[in-house]
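**Q** Before I ask anything, here is the structure I am working with.
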Amino acid sequence: MRILLTNDDGIHAPGLGSLERIARMLSDDIWIVAPEYEQSGAGRALTLSDPIRVRRIDPRRFAVEGTPTDCVAMAMQQLIEGPAPDLVLSGVNRGQNLAEDVTLSGTVAGAIEGMAFGIRSIALSQAMTYFHDEVVAHWETAEHFGPGIVQRLLEVGWPKDVIINVNFPAVAPEMVTEVEVTRQGFRDSHMRSMEKRTDLRGRDYYWTGFVVKPSNPAEGTDLKAVYQGRISVTPLHIDLTHNQTVAAMKGALGGTPPRFDQPGLETAS
């Protein structure tokens, strides 16, 4: 089995080393194509306005000056010699990719790009108690459980238009309680903040920050599982259509385009 590895934390990230150790439990036919620089939060961004440069580290390991999506596309169309991969693994991300964060995640995007090429793709993330708290990161949890989970997923299979999003809880392996197949959750509080700073010349600048807030996610969600020490396995697909709203709106917007009648209309609550 040929496996392509990528990530969004960059070619030197410790999580990529963990991913390689997971992959080599499954196969010795491994290709690694990862960003030269960190691309956390890049989502499905493409490099369109600059050339994409590639550094070959060894015959099957490349660093790409681009996003995770660029990396997978480059691997598929320019870098991998011989047969296409049978599997794309993206990660292991430094921090969880849960709930609405999956739309921001370069790790998830790498898996989506693999799926777009018709390859079975899995995103893997290691949750942390605090953002980028690598001192106490439990990489051993992902490495301990990752091979078995990937193997079982391959045995079970999943639809071609679906990726699998795996999140390991921020605990040591012996503290993991079980694996749960979950749905994508949604946080009940906003956790990002834009923090204002001032440089030595008196000019303002801003950092994106994260605020730890109490949360009570719904049962059956990826959030709840990881918060309670379980490994979350979530099938995701790229179709973002909300079918219930489609059905509800058809009566109001179907047919002849509506005409603007008067200003100041109140919106529906």
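Placed from the backbone N, Cα and C atoms, the Cβ positions cover glycine too.
Per Swiss-Prot, the features are:
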BINDING   ASP8, ASP9, SER40, ASN93  divalent metal cation binding site
**Q** If you count other Cβ atoms within 10 Å of each one's Cβ, which of the binding-site residues ASP8, ASP9 has the most?
**A** ASP8
**Q** I'd like the number of other C-beta atoms within 10 A of the C-beta of SER40 (divalent metal cation binding site), please.
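**A** Excluding its own Cβ, the number within 10 Å is 19.
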**Q** Suppose we draw a 10 Å sphere around the Cβ of ASN93 (divalent metal cation binding site). How many other Cβ atoms does it contain, all chains included?
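**A** Around ASN93 (divalent metal cation binding site), other Cβ atoms within 10 Å: 29.
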**Q** What other residues of the same chain, not counting ASP8, ASP9, SER40, ASN93, have a CB atom within 8 A of the CB centroid of the divalent metal cation site?
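**A** Result: ASN7, GLY10, ALA13, GLY15, GLU38, GLN39, PRO68, GLY91, ARG94, GLY95, SER105, GLY106, THR107.
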